[in-house]
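*Asks:* Here you go, one structure.
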Amino acid sequence: MPHRTEDIEIGLLLEALYQRYHYDFRHYARASIKRRLLQARSHFNMSSVTALQERVLHDPEMLPRLLGFLTVQVSEMFRDPSYFRALREQVLPHLRTYPSLKVWIAGCSAGEELYSMAILFREEGLLDRTLFYATDINPEALKAAEAGIYPMDRLRKFTENHQKSGGKSSLSDYYTADYGRAVFDKSLRNNVVFSDHSLVTDAVFAEMQLISCRNVMIYFDRGLQDRAVGLFKDSLTRHGFLGVGSKESLRFSRHASAFSEFVPEEKIYRKREP
Amino acid sequence: MSAPPDRAVVIGASAGGVQALLALLPSLPADFPWPVLVVLHVPADRSNVLAGLFEAKCSLEVKEAEDKETVRPGVVYFAPSDYHLLIEENGDLALSSDEAINYSRPSIDVLFESAADAYGERLVGIILTGANNDGAAGLAAVAAAGGVALVQDPAAAYARTMPQAARQACNAALVLSLERIADYLKGLKAE
Ligand SMILES: C[S@@+](CC[C@H](N)C(=O)[O-])C[C@H]1O[C@@H](n2cnc3c(N)ncnc32)[C@H](O)[C@@H]1O
C-alpha cells in the first residue's frame, strides 16, 4: 500500500530527530507515537508534521518540549500495589542474602517508582546496602526524579497504593508537606545514581540483582523490545530478577527462554542459567 | 504461521454494553473470518472477568488483548481496563497507558482511529449503547478512511448519548438495530 503523506512525514521527523539529536523513536510502536506527534502538531499550532520537523531541527529549545509529547510520563507511587507486595514477599527474601545490592529502575519517569522502591527497601532493612540506578531519556523527568517533589493532591492515591502493597510504615513518614507539595526525604536517595540512559541506543553499565522496567517497553515495537530485554539479560547477575509492567510480558520476545516466570501474575521473571 | 488478516471489526460500547454485546457476539459463527476488537467501558475491577464471561457464551475465542500479540481471524479481543488498545498496520496489538481521552481509558476513539489508519476500507466500526461521547470522532475516522460505520439505533439503546453522538459526527453511519448489526456481521466473508 502506498504510504500516506502524513506517515511519510512522521518517518522523516523521527529520522531527523535521530540524526540531529540522537533521540531514536524510529522503532517505537508506531500507532501510538503517531497519535502523540499529531497532538504535538496541534499543540504547537503547526500546519503539518513537516513544519514541526523544521522547527525542531532549527530550534533546539523545541526538543525538550517535543520530548514531553513523545514520551509518556503517566506514573504513580506503588503503581499496581500487588507488584510491590510480590517484591516484598517473594523477591526481597532472596536479595537479603547478598551483602550489597544493585537495583536498576529503567524508565523512572519523575521518580515515583524509584521512591516506592526505596521506601520498600527501607522498610525491609535493605536500603543501606543498595545502590539504585534510576535512568530515563527525558531530562525533565530525571530532574523531577532527583527533586522528589509531588503535588499534594497525588498523595492520597500514593498512600492508598502504599498501604495495599503491604507497607509497614506510614507514607507520611517519608515526606514533608510544603505549600501543597510533598517533598520526599533526601535520605531515600543517598544511594541513587540518576542518569540519562536509553534502552534503545545505550549499553550495559553495571551488574544488577534486580531490574524494574515497567510501562516502557510497551511503547516499543517488538524488535526494540528484544533489544531492551537482551540488555536486561546481560545486566543481570546469576538468577537476577526482572519485573515488567502488569500488561507487558516476555512471551513475545526473542529472549523469552532466557528467563523463567518467577511470579507470573506480577510479571516478575528470573534469569535462567544456561 | 499465516499472515495476519488484513481486515477487522472494531466495536465500542459503554453503559449497557455488556447486554448489547451479549446480543451480538454469541451470534457470530465459529468460523467468523475477521478479528473483532472491543473497547467496553467498565469499572476497573470488573474488566478482567469480561473475557471469561463472553468466552463461555460465544463460539468464537474471546480473550483480553495482550501487548505485541498478532491478531488472528475469528478471535474477539477485549481492551484491558486502564490501557488504551491500538492496532498496528502489521496486525500487532499495542497497549498504552497514555492519559485518558475524554475521561476514558481505554478510549474507543484511540482504537478506532488506529484501526482506520491500519485497515482503511477493510474495516467495520460499530458504536453501541453508552452515556458519553467517546467513539464519535473514532467512527468518523473509520468512515473517512473508507470503512463501514454502523451505529446502534439510539431509540432502542440502553443509553442513547453515545450512538447519537456517533451518528451526528459521522453522516455516513448506518443506524441499525442490534439484530441487523448481527446480520451484517454474519454476512461478512473472508474475501
Ligand atoms: C509511562 S513511564 C513509566 C514510569 C514508571 N516506570 C511506571 O511504571 O510508573 C515511561 C518512561 O519511560 C521513559 N522512556 C521512554 N523511552 C525510553 C528509552 N528508550 N530508554 C529509557 N527510558 C525511556 C519515558 O521518558 C518515561 O519516563
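Cβ from N, Cα, C; glycine included.
Residues or ranges marked as active site by TrEMBL: B:S14, B:H41, B:D134. Among the features that TrEMBL reports, domain 'CheB-type methylesterase' is placed at B:2-182.
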*Asks:* Using a 10 Å cut-off, grab the number of neighbouring Cβ atoms around the Cβ of B:H41 (active site), all chains included.
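*Replies:* Excluding its own Cβ, the number within 10 Å is 24.
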*Asks:* Within a 10 Å radius of its Cβ, which of these active-site residues (B:S14, B:D134) has the fewest neighbouring Cβ atoms?
*Replies:* B:S14
*Asks:* Just the number: how many Å between the Cα atoms of B:D134 (active site) and B:H41 (active site)?
*Replies:* 10
*Asks:* Would you mind reading off the Cα separation of B:H41 (active site) from B:S14 (active site), to the nearest angstrom?
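*Replies:* It is 5 Å, counting Cα to Cα.
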*Asks:* Restricting attention to the domain 'CheB-type methylesterase' (B:2-182), give the mean pLDDT.
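*Replies:* When the pLDDT values over the domain 'CheB-type methylesterase' (B:2-182) are averaged, the result is 94.
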